[in-house]
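What TrEMBL lists as pyridoxal 5'-phosphate binding site is Thr105, Ser106, Phe134, Pro135, Thr136, Asp137, Thr176, Asp205, His208, Tyr230, Trp260, Thr286. Taken from TrEMBL, the feature N6-(pyridoxal phosphate)lysine applies to Lys231.
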Amino acid sequence: MTTLTLPDHLMALDARDPLAHKRSEFHLPRGVVYLDGNSLGALPRRVPERVAQVAQGEWGEQLIRSWTAGAEEGRDWMALPDRVAAKIARLIGAAPHEVAVGDSTSVNTFKVLAAALGVAQPGRRIILTDAENFPTDLYVAQGLNALLGGTLELRRVPADDIETHLTDDVAVLLLTQVDYRTGRRLDLKGITAQAQAKGTVTVWDLAHSAGAFPVDLNGAGADFAVGCGYKFLNGGPGAPAFLFAAERHHAQAPVAISGWMGHADPFEMARDFTPAPGARRFVAGTPMVLSLSALDEALDVFADVDMEALRAKSLSLTDTFIELLEPLTARFPLTLVTPLDHARRGSQVSYRHPQAREVMADLIAAGIIGDFRTPDILRFGFTPLYHSHADVWQAARGVQAALEARA
Ligand SMILES: *Cc1c(COP(=O)(O)O)cnc(C)c1O
């Protein structure tokens, strides 16, 4: 059971938190513990001003000149996707020219899946994936298969059995690193190596990884990846997503959505598609300037952040939450589903509860905002940039109160 006042050891952890100063860079509504930054990241304070400036100054005053104006100082709209890509690249262990920004994660999944199939070994037709993968990843694979006349096989197996199913006829392995329900984290490097030993091309969905902990795609030798701009990157609702294509694939990988903004020289208006250098070729259409500007500004919050320190704090926050709730698992039908093993944990903690939907509604009414996920999951996301151990303690007290009120 949690005590009435913040325990000393948690106060001490907050007192020596190297990221404590980052909290002031976010707008956080009063009276709320926001544990849903893994669904929609909180608003970085500098974003509204930037969006207003882009709208009024650049759109309003400069109008079409903004596409090229300020190119020397890096303010032109044309290269905005590339500047945002460079900021994301740093967080995911990629080179800037291996990242393309724009569209949704779903659309980017289509692009990289098509690219991965294009460089996969000839004759292979199996896409291997986690049976519990996020729906959009499964749906996009189904849609691509239908487009290809049903010539592929989407093989769905439990994540723990991936290794046994990685046979040498699998074309592409499509995995989400952190499970959106349980928060279980996969070994990106180890699984990539296993897949490549079988000649299989990897596609990683980093929706709950990018900005949540350090990711090292090139250190893992990963082939392709996608990720989300509005979760741990705090780019705002519907923020542009990103994709990663390892440099060694640029020459061979097909560009399935070969739009003019991925052309080497868009305003040449040539008849045939000549891809731009690097991953820019995957930027299909006109950059979404307003939302890209918000994401660009939001990413600057990470500029001085040591991602190893961020990971250490994330684990400390999730450990603390698990410890505080541990006594409740004996009193209530509350079951931890997030791995205790640090290596296998993302930046969220989830529990099963038979009335999870109702419990989460109670919690949200009490200002503890997490998520309910079907069928019976209570999901709490932790964002080291703006959470303290005091927040974790307050959230744990809220969970206890909600469970006691319902029992
Ligand atoms: C949130 C999420 C997405 C989001 O896809 P959108 O196209 O942005 O809606 C994709 N994959 C996973 C694993 C996610 O958690």
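Here the Cβ of each residue, glycine as well, is placed from N, Cα and C on the backbone.
Take Thr105, Ser106, Phe134, Pro135, Thr136, Asp137, Thr176, Asp205, His208, Tyr230, Trp260, Thr286, the residues named in the record as contacts for pyridoxal 5'-phosphate: the widest Cα to Cα gap among them comes to 31 Å. Mapped onto three states, the DSSP output places Thr176 (pyridoxal 5'-phosphate binding site) in strand. For the pair Phe134 (pyridoxal 5'-phosphate binding site) and the residue listed as 'N6-(pyridoxal phosphate)lysine', the C-alpha distance works out to 15 angstrom. Within the set of binding-site residues (Thr136, Thr176), the lowest number of other Cβ atoms found within 10 Å of a Cβ is recorded at Thr136. Ligand 1 lies under 6 Å from the Cβ of Thr105, Phe134, Thr136, Thr176, out of the binding-site residues Thr105, Phe134, Thr136, Thr176, Trp260.
Reported as a whole number, the C-alpha separation between Thr176 (pyridoxal 5'-phosphate binding site) and the residue listed as 'N6-(pyridoxal phosphate)lysine' equals 14 Å. Cβ neighbour count for Trp260 (pyridoxal 5'-phosphate binding site): 16 (other Cβ atoms within 10 Å of its Cβ, all protein chains included).
In space, His208 is the closest of the binding-site residues Thr136, His208, Trp260 to the residue listed as 'N6-(pyridoxal phosphate)lysine', judged by Cα positions.
Sequence-distant neighbours of Thr105 (pyridoxal 5'-phosphate binding site): residues of the same chain at least 6 apart with a C-beta under 8 Å from its C-beta are Thr136, Asp205, Ala207, Val226, Gly227, Cys228, Ala241.
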